[in-house]
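Here is what Swiss-Prot says about this protein:
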type	residues	note
REGION	1-124	region 'Disordered'
COMPBIAS	44-58	compositional bias 'Gly residues'
COMPBIAS	105-124	compositional bias 'Basic and acidic residues'
MOD_RES	Ser127	phosphoserine
REGION	147-308	region 'Disordered'
MOD_RES	Ser162	phosphoserine
COMPBIAS	196-206	compositional bias 'Polar residues'
COMPBIAS	249-259	compositional bias 'Basic and acidic residues'
COMPBIAS	267-289	compositional bias 'Polar residues'
REGION	334-387	region 'Disordered'
MOD_RES	Thr336	phosphothreonine
MOD_RES	Ser404	phosphoserine
BINDING	Lys431, Glu471, Asp472, Leu473, Asp484, Lys558, Asp638	ATP binding site
BINDING	Lys486, 507-513, 534-541, Lys641	substrate binding site
Amino acid sequence: MRRCPCRGSLNEAEAGALPAAARMGLEAPRGGRRRQPGQQRPGPGAGAPAGRPEGGGPWARTEGSSLHSEPERAGLGPAPGTESPQAEFWTDGQTEPAAAGLGVETERPKQKTEPDRSSLRTHLEWSWSELETTCLWTETGTDGLWTDPHRSDLQFQPEEASPWTQPGVHGPWTELETHGSQTQPERVKSWADNLWTHQNSSSLQTHPEGACPSKEPSADGSWKELYTDGSRTQQDIEGPWTEPYTDGSQKKQDTEAARKQPGTGGFQIQQDTDGSWTQPSTDGSQTAPGTDCLLGEPEDGPLEEPEPGELLTHLYSHLKCSPLCPVPRLIITPETPEPEAQPVGPPSRVEGGSGGFSSASSFDESEDDVVAGGGGASDPEDRSGSKPWKKLKTVLKYSPFVVSFRKHYPWVQLSGHAGNFQAGEDGRILKRFCQCEQRSLEQLMKDPLRPFVPAYYGMVLQDGQTFNQMEDLLADFEGPSIMDCKMGSRTYLEEELVKARERPRPRKDMYEKMVAVDPGAPTPEEHAQGAVTKPRYMQWRETMSSTSTLGFRIEGIKKADGTCNTNFKKTQALEQVTKVLEDFVDGDHVILQKYVACLEELREALEISPFFKTHEVVGSSLLFVHDHTGLAKVWMIDFGKTVALPDHQTLSHRLPWAEGNREDGYLWGLDNMICLLQGLAQS
């Protein structure tokens with residue numbers, strides 16, 4: 001017990017008789033905030049507050065304590081017209097909010113002295129009754145929280161929060177950096193659209209859409225708002241600034257790295273590499289600075305972004321001088337329109353007519369160019385890699401068997417254009433209707449070749465289009481390896497050559513594809529013209545691959561590990577083809593022997609097939625499929641260019657082709673393939 005300067009020493013009985021406020025003032029520790037020179041304590045009867053004891057005792061707000069008047073406890077701030085200033089405390093990053101929890105701190109004008117921080121802590125031994133009597137705010141000293149022990153409506157704020165403080169009637173705005181936590185009232189809430197709002201006792205004002213308020217110091221020490229559109233507004237002193245969130249807490253972005261916060265739509269915002277954050281909204285994403293500025297968007301209007309260059313210059317020039325208001329990092333992200341999906345183009349074959357053809361292979365250049373007439377490229381190396389997937393994506397959105405179709409997509413890829421296929425019922429595939437293929441499949445269902453072709457289930461109408469429904473050949477395989485081999489000594493019909501000669505039209509796309517494979521292939525005239533005719537290109541195409549030397553060529557291979565190779569345009573020599581086939585089966589002699597057996601059975605069926613003898617089979621492929629279980633099968637696919645011969649005419653399918661004899665060299669190529677695979681299986 002220390003001696004009171006105006007009274008003698010007190011014994012315990014006398015001390016107990018004093019009012020609680022006076023006794024607490026006597027017991028307060030030394031070393032609190034000192035008075036400035038020239039400011040004397042007013043004597044008795046000098047207009048002291050009613051709470052001051054007789055004899056010039058301590059003020060109701062003593063050194064080291066933080067007492068508030070009754071209006072402040074009610075959350076109303078100082079009484080109107082009050083001119084008496086209130087003391088300001090300097091703490092180690094912690095503020096003393098009013099009882100209403102609005103994060104308000106008042107300060108004495110033009111007085112800022114930093115006392116000994118040890119004197120700012122109050123004794124924990126004071127009873128709860130004493131605290132209730134004096135409305136004292138205490139600092140626990142254990143977890144760094146400023147708490148009001150009698151407020152039940154306060155909630156803690158995360159550690160990285162930084163309060164916005166409001167001065168008294170005549171005081172400036174200040175911002176205090178905190179490292180601890182501060183309690184905030186749960187009832188301080190506003191509409192949760194992440195806009196800065198100014199809550200007034202009479203009205204609620206909102207900032208203009210797209211404006212990003214910040215603060216800048218002026219010459220007289222007051223604070224002004226700085227909007228992202230360059231305008232400034234004098235600060236209103238009637239109420240505090242609050243940053244509303246959906247949970248009622250007030251938060252401030254860390255100056256070093258922004259935290260991720262949920263947007264109005266519940267989406268998670270993504271962290272940029274420079275520390276700023278992007279907040280998506282209901283109709284688009286916006287980019288917001290990582291520190292003090294928020295580019296919020298109300299639900300009833302769009303956000304207008306200012307010019308990036310003007311905004312950045314304005315913010316940095318006005319805010320970099322303030323140590324209390326870190327410069328916000330604002331990044332304007334231009335909106336990039338999402339690329340629209342490419343529509344599925346019309347089929348390259350003329351449907352429904354005797355001269356119409358479906359695609360025989362997605363890797364056959366000449367097939368896609370023969371009747372297209374539009375210069376579309378079918379070579380997978382010449383087309384965009386995403387284009388087939390866009391077509392497939394459009395196709396699959398109508399399918400109830402998406403997973404099954406994706407699993408078996410390699411067969412579609414190796415056997416025809418993805419845009420010509422859709423998934424049918426389980427175990428079936430829908431291929432765009434072609435009358436030539438329809439007639440061929442209907443006849444093959446009654447032919448000895450029936451086991452070697454996909455089962456045909458007739459025509460179906462789906463989504464306004466007609467399809468041929470056939471068997472999914474990969475339904476019984478697990479992780480299959482697939483190879484597509486184009487059979488025959490030519491892949492174009494004689495009628496196509498005749499039509500091309502009747503209407504010759506040099507094509508630039510044919511020239512470009514020819515030069516891409518062999519720059520020296522075009523003649524000097526073709527080089528000068530920059531174009532070649534279709535017959536010239538088709539005949540040259542056959543001579544570049546093993547079609548002209550072996551009667552078949554490898555179109556594409558998809559391995560079980562997912563690798564796919566279609567670069568076989570120059571695979572012509574026997575040694576090259578042998579190496580590709582050996583790699584396809586990974587040197588598995590058992591698989592090779594099964595393939596040889598299947599091909600021999602197919603050859604026997606072809607030699608006795610009435611259909612095969614009376615049809616010119618051009619552009620058809622053999623589909624090789626095997627998997628890790630040892631299952632291996634071969635099918636004939638793609639009959640879009642299979643046409644019937646004139647009456648009483650048959651083909652051997654082994655004779656060399658000469659224009660007019662209609663020989664296709666199918667069996668010649670099959671004989672060479674069987675011989676080659678037999679050699680691999682026996683080696």
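Backbone N, Cα and C define each Cβ position, glycine as well.
Sequence features, as recorded in Swiss-Prot, placed on the structure.
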residue: Lys431; record: ATP binding site; DSSP (3 states): strand
residue: Glu471; record: ATP binding site; DSSP (3 states): strand
residue: Lys486; record: substrate binding site; DSSP (3 states): strand
residue: Glu512; record: substrate binding site; DSSP (3 states): helix
residue: Pro535; record: substrate binding site; DSSP (3 states): helix
residue: Arg541; record: substrate binding site; DSSP (3 states): helix
residue: Lys558; record: ATP binding site; DSSP (3 states): strand
residue: Asp638; record: ATP binding site; DSSP (3 states): coil
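Site extent for ATP: among the recorded binding residues Lys431, Glu471, Asp472, Leu473, Asp484, Lys558, Asp638, the largest C-alpha separation is 21 Å. It is Glu512, among the binding-site residues Asp484, Glu512, Asp638, whose Cβ has the fewest other Cβ atoms within 10 Å in the structure shown. A gap of 22 Å separates the Cα atoms of Pro535 (substrate binding site) and Asp638 (ATP binding site). Cβ neighbours within 10 Å of Asp509 (substrate binding site), excluding its own Cβ and spanning all shown chains: 17.
The two recorded residues, Lys431 (ATP binding site) and Lys486 (substrate binding site), show a Cα separation of 19 Å. The 10 Å shell around the Cβ of Asp472 (ATP binding site) contains 22 further Cβ atoms across the protein chains shown.
Summarising the environment of Leu473 (ATP binding site), the number of other Cβ atoms within 10 Å of its Cβ, over all protein chains shown, is 22.
Leu473 (ATP binding site) sits 30 Å from Met538 (substrate binding site), taking the Cα positions as reference. Ranked by CA distance from Lys558 (ATP binding site), the binding-site residues Lys486, Asp509, Met538, Arg541 have Lys486 at the top as the closest. Sequence-distant neighbours of Glu471 (ATP binding site): residues of the same chain at least 6 apart with a C-beta under 8 Å from its C-beta are Gly427, Arg428, Ile429, Pro454, Ala455, Tyr456, Tyr457.
The two recorded residues Asp472 (ATP binding site) and Asp509 (substrate binding site) have their Cα atoms spaced 34 Å from each other. Counting other Cβ atoms within 10 Å of each Cβ, the lowest count among the binding-site residues Lys431, Lys486, Arg541, Lys558 belongs to Lys558. Across the fold, the C-alpha of Asp509 (substrate binding site) and the C-alpha of Asp638 (ATP binding site) stand 25 Å from each other. Of all the binding-site residues in the record (Glu512, Met538, Arg541), the one with the smallest CA separation from Asp484 (ATP binding site) is Arg541.
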